[in-house]
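Participant: Feature list, courtesy of TrEMBL:
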{"type": "TRANSMEM", "residues": "7-26", "note": "transmembrane segment"}
{"type": "TRANSMEM", "residues": "46-65", "note": "transmembrane segment"}
{"type": "DOMAIN", "residues": "50-94", "note": "domain '4Fe-4S ferredoxin-type'"}
{"type": "TRANSMEM", "residues": "95-112", "note": "transmembrane segment"}
{"type": "TRANSMEM", "residues": "124-146", "note": "transmembrane segment"}
{"type": "DOMAIN", "residues": "132-166", "note": "domain '4Fe-4S ferredoxin-type'"}
{"type": "TRANSMEM", "residues": "174-195", "note": "transmembrane segment"}
Amino acid sequence: MNLRKNIGWWIVGLFFIVPYLNLFRLDIQGGHYYWMTKRLSFDQPLPLLLTILLLVFLVIGLSTFRARLFCSTLCPHNTVSKALRALEKRRLDKPVAVVLTPLIAFTLISYFDEPRLALHGILYGQSPMALAFFVVLCLFLGSLLWKLRSKFCQNVCPYGFLQHLFTPDNPTRVAKIGVATLLLLLAVAMTVAALSTSASEVSFKQVSRVETGSTITYVYNLGLTNNNATTAEHFTIKFAPDAPQPIGLDVHDAIEVGPGATKVVTFALRTARLVTVQFEVCTEHEGTCKPFNVTLSN
Ligand code: SF4
């Protein structure tokens, strides 16, 4: 087996394992995405945007090195179509296509939905949307694997159509070095952005204000979310000593939040004068701190 074939099958293998291992997938319903098992909110979009940008530039930029390099080496459709063609003589291509069709359709859905929920939704009809996508994808992929195969490249695939736009006639060495540098820079920027993006979220919200004589009690909810999919996080809350201290919150104990979980803690602050309370919420595992300032008045 030559190197090109090997790479093709590696890409096919990655296609099947990436969403199930949370290496990269969107959880549209949950408002999150996963990057190398790290769960990040859509409010932290930089790693996601850089990943999409890198993939787009990779697909387009590879043509600078050799015409149809992406199609011949990386495209999973091409790898699978060639394998099915090789199975035609033994009349195994159609049975294999029948098995592969729902597997590929479900894996594609798993890039955009939590796989267990999607499976449940499809099997028990609890998610009409997932079921509809699954049926449409099965019909599309079924025709692709059963019949169209390489005809899809010539007649349907937009990348196949637009190849000539991306492929310069005579790419110079400078152009190739420029594209390779751009891809490398994007890969580095994406990795740095993903690693430096916090996997924890802290939300702070006032829920009530109760007046008793000259004092006022403010009640707050502090939402602590651990987006790390594999490790528990410990949050500590430190209040500045020269201001009102929280009521109903033990600041000496760290608050443990399990992988992918959210905990809401409620506490109160009481004051009889205008005062600013400063506190910070720190994470033990990640080593980050988020400061908060609250102004209380009577
Ligand atoms: S034309 Fe499209 S489907 Fe065909 S090998 Fe290229 S990228 Fe893949």
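Positions of Cβ are set from backbone N, Cα and C atoms, glycine also.
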Participant: Determine whether the transmembrane segment (174-195) and the transmembrane segment (95-112) share at least three Cβ pairs under 8 Å, counting only pairs 6 or more apart in sequence.
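Facilitator: In this chain the transmembrane segment (174-195) does not contact the transmembrane segment (95-112) - fewer than 3 Cβ pairs sit under 8 Å.
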Participant: Please report, as numbers and ranges, the same-chain residues at least 6 past the borders of the transmembrane segment (124-146) whose CB is under 8 Å from any CB of it.
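Facilitator: Those are 77, 80-81, 84, 94, 97-98, 100-102, 104-106, 108-109, 113, 117-118, 152, in sequence order.
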Participant: When DSSP states are grouped into helix, strand and coil, how many residues of the domain '4Fe-4S ferredoxin-type' (132-166) land in each?
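Facilitator: Its residues divide into 32 helix, 0 strand, 3 coil.
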